[in-house]
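Undergrad: Can you keep this structure in mind? I'll have questions shortly.
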């Protein structure tokens, strides 16, 4: 899907924060994400909030605006050293914000999409592939033996920012819990299926890579698309929950989502990384260079492309230098909505990313990995090189759990 294409830009002190041309069909009218400059003191941030509230009220009163533009700040976000907020604003207030000495950028909020799965017929090769060094088999149906350490992610928390998770699904055996619901006036349940599917690949008893990990649901979607207003709310909550619970080295975030490049969210992921938190993301399903996508282009996320059983890249999978590795992403069965035993077979980088998030959880449970840099290095060190046909400039690396070297 083609969304907005934003470029990274930097602002000098007191310079005007000029808007970047965007794809208007994906902009959410009247709604903005404002990023404050680094290094502001608490007093400066408070002064900015006071100034904004007064300026916005004055402009709304003068012009008689109503609707989303009159709502002002919805939510402030703080992720490590990053300060930002989502707001409904009129154009005059936006112009004044862009001249503020405290503001780094003011960007229209935009839609972001699930890296959505496509339903296919029967399947089941993916877990066997993860423990087989990626060697192709005469038939995908013969890749049925998944070998793994029995610790299997125990004591690790996998956060799924998605459509919610059916925590009562039999795949989770009571190991899934509800965390944050960022969608107003909607229940924290998965009526769409995508989040349950993703969580099942990470930690399901049958379909999961890390079969004893705990899944934490953060609902930021109520269908196939959402906005950064809700994405940032869930992501901020996850980072705070991990930090407050003192489990940075035992937690992983999965983002099976994709949109056009959007610098504020890339910065949020980078700040989580600097805070010591690992994020795994889908490369996206546009069949293009993943450097055009967020969160795929986030420099310190682990970006995952999709792979078929015979070591070919499906045409839908994004590619390029920002992709770190490939994992199974076609004909993958996992849990679904429609009942506590429901399953679905599907394809997409939405399936590839949770294989690696599950691998991260698995490795965290059996090894001492104290930082996201160590996690990334270990995952990439275990990969099998040179197997992917048509890698299209991506690092030619395939995810592997290292079990044969551990036996």
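These residue numbers are counts, starting from 1, taken along the chain as shown.
Using the three backbone atoms N, Cα and C, a Cβ is placed for every residue, glycine included.
Relevant sequence annotations retrieved from Swiss-Prot are reproduced here:
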SIGNAL    1-17  signal peptide
DOMAIN    31-114  domain 'Inhibitor I9'
DOMAIN    124-407  domain 'Peptidase S8'
CARBOHYD  145  N-linked glycosylation site
ACT_SITE  162  active site, charge relay system
ACT_SITE  194  active site, charge relay system
CARBOHYD  241  N-linked glycosylation site
CARBOHYD  254  N-linked glycosylation site
CARBOHYD  341  N-linked glycosylation site
ACT_SITE  350  active site, charge relay system
CARBOHYD  381  N-linked glycosylation site
Undergrad: Count the other Cβ atoms sitting within 10 Å of the Cβ of residue 350 (active site, charge relay system), across every protein chain shown.
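TA: Excluding its own Cβ, residue 350 (active site, charge relay system) sees 31 Cβ atoms within 10 Å.
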Undergrad: When secondary structure is assigned with DSSP, how many helix, strand and coil residues does the domain 'Inhibitor I9' (31-114) contain?
TA: 34 helix, 33 strand, 17 coil
Undergrad: Spatially, which candidate from the recorded positions 162, 241, 381 is nearest to residue 350 (active site, charge relay system), comparing Cα atoms?
TA: 162
Undergrad: Report the nearest neighbour of residue 194 (active site, charge relay system) in space among the glycosylation sites 241, 341, 381, comparing Cα positions.
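TA: Spatially nearest to residue 194 (active site, charge relay system) by Cα position is 341.
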Undergrad: Starting from the Cα of residue 162 (active site, charge relay system), work out which of the glycosylation sites (145, 241, 254, 341, 381) are within 10 Å.
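TA: Near residue 162 (active site, charge relay system), where near means Cα within 10 Å, the glycosylation sites are 254.
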Undergrad: For residue 381 (N-linked glycosylation site), identify the closest of the glycosylation sites 145, 241, 254, 341, judging by Cα separation.
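TA: Result for residue 381 (N-linked glycosylation site): the nearest of the glycosylation sites is 254.
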Undergrad: Rank the glycosylation sites 241, 341, 381 by the number of other Cβ atoms within 10 Å of each Cβ and report the first-ranked residue.
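TA: Of the glycosylation sites 241, 341, 381, the highest Cβ count within 10 Å belongs to 241.
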Undergrad: On average, what pLDDT score does this prediction assign to the domain 'Peptidase S8' (124-407)?
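TA: Per the prediction, mean pLDDT sits at 93 for the domain 'Peptidase S8' (124-407).
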Undergrad: Please determine which of the recorded positions listed here (145, 162, 194, 254) has the lowest count of neighbouring CB atoms within 10 Å.
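TA: Result for the recorded positions 145, 162, 194, 254: minimum number of other Cβ atoms within 10 Å at 145.
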Undergrad: If I take the alpha carbons of residue 341 (N-linked glycosylation site) and residue 145 (N-linked glycosylation site), what is the distance between them in whole Å?
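TA: That comes out at 22 Å between the alpha carbons.
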Undergrad: Measure from the CA atom of residue 241 (N-linked glycosylation site) to the CA atom of residue 145 (N-linked glycosylation site) and give the result in Å, rounded to a whole number.
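TA: Cα to Cα, residue 145 (N-linked glycosylation site) and residue 241 (N-linked glycosylation site) are separated by 36 Å.
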Undergrad: Report, in whole Å, the straight Cα-to-Cα distance of residue 241 (N-linked glycosylation site) from residue 254 (N-linked glycosylation site).
TA: 15
Undergrad: Give the three-state DSSP assignment (helix, strand or coil) for residue 162 (active site, charge relay system).
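TA: Residue 162 (active site, charge relay system) sits in a strand per DSSP.
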Undergrad: According to DSSP, folded down to helix, strand and coil, what is residue 341 (N-linked glycosylation site)?
TA: coil
